[in-house]
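According to TrEMBL, the protein has these features:
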| type | residues | note |
| --- | --- | --- |
| TRANSMEM | B:6-26 | transmembrane segment |
| TRANSMEM | B:31-52 | transmembrane segment |
| TRANSMEM | B:58-83 | transmembrane segment |
| TRANSMEM | B:95-119 | transmembrane segment |
| TRANSMEM | B:139-156 | transmembrane segment |
| TRANSMEM | B:186-205 | transmembrane segment |
| TRANSMEM | B:211-230 | transmembrane segment |
| TRANSMEM | B:237-257 | transmembrane segment |
| TRANSMEM | B:263-281 | transmembrane segment |
Amino acid sequence: MDTTPLANGRNLLEVRGLTKVFGTLKACDQVDLTIAKGEIHALLGENGAGKSTLVKMLFGSLEPNAGEIAWNGQPVRITSPGVAKKLGIGMVFQHFSLFEALTAAENIALSLADDTPISTIAAKARALSYSYGLPLDPDSLVGDLSVGERQRIEIIRCLLQTPDLIILDEPTSVLTPQEADKLFETLERLRAEGKSILYISHRLDEVRRLCDSATIMRHGKVVGHCNPRVETPSSLARMMVGTEVKNAERTTASVRGEELLSICGMSRKPAGPFSMPLKNIWLSVAGGEVIGIAGVAGNGQGELFEAISGEALQESADAVRIRGKSAGRMGISARRLLGAAFVPEERLGHGAAPRLRLSDNLLLSRHSTDGKAFVGTGGMVKSGAIQKAAQRIIEVMDVRKSAPDPEAAALSGGNLQKFIIGRELDRNPSVMVVNQPTWGVDAGAAARIRQALIELARNGSAVLVISQDLDELFEISDAIAVMHNGELSKPIPIAEATLERIGLLMGGAEPGHLDPAKEVA
Amino acid sequence: MFEDILITIATAATPLLIAAVGEVVVERSGVLNLGVEGMMVMGAVTGFGVALTTGSPWLGVVAAIIVGMLFSLLFGFLTLTLVTNQVATGLALTLLGLGLSGMLGEGFVGLPGIKMSYLHIPYLTDVPYIGRLFFGQDPLFYVSILLTAGVAWFLFRSRAGLTLRSIGDNHTSAHALGIKVIGIRYLAVMFGGACAGLAGAYLSLIYTPQWIENMTAGRGWIALALVVFASWRPWRVLAGAYLFGAVSIGQLHAQALGVGVPSQLLSSLPYLATVVVLVLISRNRRLTMVNTPASLGRPFVPDR
């Protein structure tokens, strides 16, 4: 089981006793890690286990309090990302490090050698992105791109630096299965060339398929090493969490309730030069059911979410109906007042204001729907009631935090997502629309979020989940519809849905509104 | 007559242009230096004093540039190294510059200054109607045009300019890529200081060759407004500077002719125009995103 090799020339990176302390929290406690040349090494652990802190120290963004790092057998001090890059360490970040106001090509150019002529970069980036199977338009502005497309830029940018050690933090969470396959091929090619890869992922089957060895962290400590190929997903999960992780339990939907959310012939012009138009979308979600929307990143899911949530108004009031009322011309608060709740894709900056405390974020999203509970006479804020509600959400969703009422940005991604979902669930909405509910969220937190969504539906609410994680959609949906090129297929009941069938629709094999009955044959 | 008016407009516009183009570089790197007025007035007093004592206006210009840079270096040290609030520090810089220049220039008040000579190319300058406009202006006029072209090329065509814009967009990401955020911001701030100093020297060596306390008279603030008006783009700064130059010259003519427009209204036009432009560009989220340095004014402390 113990794959730690002896300290010989084969090891690219050796870390001994690395420790990082934030205040009283030991984010990394005496961490040892050894990465051999030409191996793909997995780093596993729940959110808050210290994985990100560890790789940030390896990449020079954080300074360790104690411990040593040896690179090719030589002790080194990695004082800045520049030093890490010079050594030959490249990193793909989980939270993007892209420049929104610059084009994809300019973003890539910034991480290349200084003497690369700027005028040639667009063509080069286009060619390289296709050869890696991650196509992108080098002239598009990053600010206009979806998370999946941004992830492609991050990966390509890192690979172009030809590092010896590539750190990938959750690289596949926003890629399609096909894109992920392409990435794995690339990674395997790199391994054959003798490069090493440190691979952080919550997707245990990926880790089992790709990685040669794994280090597992829990609460800042290394709790084990293993060969993931001989483990099962549940044995890996047990090591990560310390206890058994349960899949969300899904009872079959009871009788289909009345229709609570309906979208009737919604169309939308593209909002920006790079965004997707919506083309004649029909969808109906009844109480008691969970409908999933699958699709490759950037096929109009974001635009659809904006149109349903009221961030973008429709031309016709009947395009969106919430609990039977025409809501197409209503803003977000008006739609919320009809009993709907919305959780957008971006947690920080969209779902929550990063520098505000959790209780303030709660007030921000619910001051109109829960005006009586949170706002008193004369517009005075009832801080006691808000604190209590925030505390209730934190307890129900098991949000882990370092201060009583921290700023949203201080929470890890998974914990903030639990809070944001919990904030909406706390209202008991009759219609819930969620975009990417568990992106970059660890297994334990994701299971909890999925279970909560299913329970909400079983209690009679209509739940619409937009996700690029097919496993998730298969786990929780009663029917799955696929978005491609701004069009939405008819929902396929889960009993008839197969990965292959959904995959074909995602690739645009049968655009528009296919008839499931004919398709089955 | 028409040529004369155009030349006076150019003379009014040039100091605004020089200071604003410098500030474009500073703000594109994500630093908001509100001390332009202070650096400008220091440049004006230094340029005047050095030219007077040495007899050479060019030495005055060089000295003004150096003093502008030193002043901006003080700003840089406070805001970049000690991470003080940029707005407060910039305002303090302006107040310091106005006070210090008044003290240093006390002995210069009322003395006749040295005026920089205008360009004269035989035949070309003597071409009727356009000769003096194109070939007979002060040397700094040409410098200002070259400066604008140079900064435009630097920002949008050169790699170093791309690096600078990336820092202004997201300094955390830039740091993660190994770009030296603080070092580059120091350089940008010093470039802005040099430009402000030069613009100040223009006032005391060309515009009105003498020293008067507070002789910048708010031009530093107009330059700051121009940067926003031009949505951080050098050629638009040039257009804006000439527009504002024309307005201020027109205002003088209007007063001379006794036109019934209150002068206060005319002198507030640059600011009103800036407000209108801000409203217009903020209507389009994408335009704002592309042109506004997203980390403008935000302090950068690397996460250690």
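Placed from the backbone N, Cα and C atoms, the Cβ positions cover glycine too.
In TrEMBL, annotation is done automatically, which means it is predicted and not curated.
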Between the stretches B:31-52, B:95-119, B:139-156, B:237-257, which one has more Cβ pairs under 8 Å with the transmembrane segment (B:186-205) than any other? B:31-52
When only pairs 6 or more apart in sequence are counted, do the transmembrane segment (B:31-52) and the transmembrane segment (B:211-230) reach 3 or more Cβ pairs under 8 Å? yes
Taking the transmembrane segment (B:211-230) as the reference, which of B:6-26, B:95-119, B:237-257 gives the largest number of Cβ pairs under 8 angstroms? B:6-26
May I ask for the residues of the chain that lie six or more residues beyond the transmembrane segment (B:139-156) and have a Cβ under 8 Å from a Cβ within it? 10-11, 14, 17-18, 21, 24-25, 28, 61, 116, 119, 164-165, 195, 198, 201-202, 206, 233-235, 237-238
Which of B:6-26, B:95-119, B:263-281 shares the most C-beta pairs under 8 angstroms with the transmembrane segment (B:237-257)? B:6-26
Chain residues in Cβ proximity to the transmembrane segment (B:263-281) (below 8 Å; excluding those fewer than six residues from its ends, i.e. six or more beyond): 222, 225-226, 228-229, 231, 240, 243-244, 247-248, 250-251, 254-255, 287-288, 291
Same-chain residues at least 6 beyond the ends of the transmembrane segment (B:6-26) with CB under 8 Å of its CB atoms are 32-33, 36, 40, 132-133, 137-138, 140-141, 143-144, 147-148, 151, 154-155, 164, 188-189, 191-196, 198-200, 202-203, 206-207, 219-220, 222-224, 226-227, 230, 232-234, 237-238, 240-242, 244-246, 248-249
